Amino acid sequence: MPRYFDGDFLPPKGRFAICVARFNGFITEELAKGAVDTLVRHGVADADIDVYRCPGTYELPGLVRRVTETRQYVGVITLGAVIRGGTPHFDYVAGECAKGIGAVAFEAAAATPAKTVTFGVLTTDTVEQAIDRAGVKAGNKGAEATLACIEMVNLYAKMSATDGRKA
């Protein structure tokens, strides 16, 4: 009989960091509120939530790497908003941000103890799309990235219980 491992949304054990880009702050602050609210609703104490702010999404990967290296957090949620303009700037910023956070997430998952890094950076064509995804119409993507983080933290804990690695 195969063994199945799934994450869940039970109250996770450990501390969480939320890394938020200040650029497009009217959007990213809504994402951050959604993330904090989701953690609290899932049993994480205020004292176990730290919020770090950086200038923009391009700076997020470096910040996330520093935060994961502290080994204080079981989960790190990254939040930002890149909105397409009339120049190729969007492509460079969005692409480098995604690659950088992805690389940190890969390293963090392989570390002992494993850490979860989730991606909650909006990449939209218009301001209206970003506003909708920050909670007006299409749900709050900050909350969604946080749910993914909680689920993965709990999955890694279950895996560690069977593979001998420290959660």
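Cβ from N, Cα, C; glycine included.
Here Swiss-Prot flags HIS89 as active site, proton donor, drawing on sequence analysis. DSSP assigns HIS89 (active site, proton donor) to a helix in the three-state reduction.
Within 10 Å of the C-beta of PHE23 (5-amino-6-(D-ribitylamino)uracil binding site) we count 18 further C-beta atoms, all protein chains included. Here Swiss-Prot flags PHE23, THR57, TYR58, GLU59, ALA81, VAL82, ILE83, PHE119 as 5-amino-6-(D-ribitylamino)uracil binding site, drawing on sequence analysis.
Annotation comment: Swiss-Prot describes GLY86, THR87, ARG133 as (2S)-2-hydroxy-3-oxobutyl phosphate binding site, evidence class sequence analysis. Secondary structure at ARG133 ((2S)-2-hydroxy-3-oxobutyl phosphate binding site), taken from DSSP and collapsed to helix, strand or coil, is helix.
On its own chain, GLU59 (5-amino-6-(D-ribitylamino)uracil binding site) has ALA21 as residues at least 6 apart in sequence with a Cβ closer than 8 Å to its own Cβ. With a cut-off of 8 Å between CB atoms and residues at least 6 apart in sequence, the same chain places ASN24, PHE90, LEU122, THR124, ASP125, THR126, VAL127, ALA130 near ILE83 (5-amino-6-(D-ribitylamino)uracil binding site), listed in sequence order. Of all the recorded positions listed here (HIS89, ARG133), it is HIS89 whose C-beta has the fewest other C-beta atoms within 10 angstroms.
Here the candidates are the binding-site residues THR57, ALA81, VAL82, ARG133, and by Cα distance the one nearest HIS89 (active site, proton donor) turns out to be VAL82.
Between the alpha carbons (Cα) of PHE23 (5-amino-6-(D-ribitylamino)uracil binding site) and GLY86 ((2S)-2-hydroxy-3-oxobutyl phosphate binding site) lies a span of roughly 17 Å.
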